[in-house]
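First the structure, in the form of structure tokens, and then the observations on it.
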């Protein structure tokens, strides 16, 4: 179950598929940027200066898009600068909520559901109430709900106020990163959803085959080089990682992405383990939230709500591609 806001009123129900049975992902509606000096970013308005303690991040541990932002918060050492709230794993008739459960971190202002964050920003808001949400405590508004842009803010905006050094979107590699992101987003990150939420055989096949063509392409690439941009770890790797991490646990069975498993791709499987084992990354991952969310929230796909116990996956096994430890 999910829902949407209609002029500030919450409506329950799914709305992912078009008449042709194809999955339609709603575009993010809040696209402002935190910048070092508060000047406007590539989209939206200015006024969002990087300041420790000013911003708050709302996420779901289950969500791969939100997971990106949690990873960058960790990589850049922003845990003490950007607050964090974590939703319950079940997306039911109120969407993402803060119902008490292991792993949930409630909203400090007492919101019961993420859709209340959206109406706190705009009482007449219409649209979906997705995560992640980056909130400005000073202006009491949403900065952004676009994960790809939030990770770029975290990558550089706080560098002047104590963030951990590291640039995952280096200028010299941006054309390559952007090209990788475009294909991986369309066919892999969003591709698993297009396959999983398809309501026609044609739409399912249209998503499935490009997905595995891209996985084959990535397998070949990563059998010859360490990361997507050679020896340099970039945002493209982390954007891919959050989908690969969930692939065998969820997408193979629940979303019917079952031509091959991740473990059937030696290079991709080793690459995923290498990223998972990097300092701080395993702590951003909650497989219990991931599996319970998908198998119990999507009642149209899995009406029984039964969560499979498998597969047994050893993310702690040493990477096997022959590259020296990072």
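Each residue, glycine too, has its Cβ placed from N, Cα and C.
These figures come from a predicted structure and were not determined experimentally.
According to TrEMBL, the protein carries these features:
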ACT_SITE  63  active site, nucleophile
BINDING   96, 146, 147  glutathione binding site
DOMAIN    170-294  domain 'GST C-terminal'
ACT_SITE  193  active site, proton donor/acceptor
SITE      251  site 'Lowers pKa of active site Cys'
SITE      294  site 'Lowers pKa of active site Cys'
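Residue with the densest Cβ environment among the recorded positions 96, 193, 251, 294: 96, by other Cβ atoms within 10 Å. Across the structure, the residue listed as 'active site, nucleophile' and residue 294 (site 'Lowers pKa of active site Cys') place their CA atoms 9 angstrom apart. In this record, glutathione is bound by 96, 146, 147; the longest C-alpha to C-alpha distance in that set is 17 Å.
There are 25 other CB atoms within 10 A of the CB of residue 147 (glutathione binding site), with all protein chains counted.
When the recorded positions 96, 146, 147, 251, 294 are screened for a Cα within 10 A of the Cα of the residue listed as 'active site, proton donor/acceptor', the ones that qualify are 251. Recorded residues residue 251 (site 'Lowers pKa of active site Cys') and residue 96 (glutathione binding site) have their alpha carbons 20 Å apart, per Cα-Cα distance. The separation of residue 294 (site 'Lowers pKa of active site Cys') from residue 146 (glutathione binding site), Cα to Cα, is 21 Å. According to DSSP, residue 96 (glutathione binding site) sits in a coil region rather than a helix or strand. For the pair formed by residue 147 (glutathione binding site) and residue 294 (site 'Lowers pKa of active site Cys'), distance between Cα atoms is given as 19 Å, rounded to the nearest Å.
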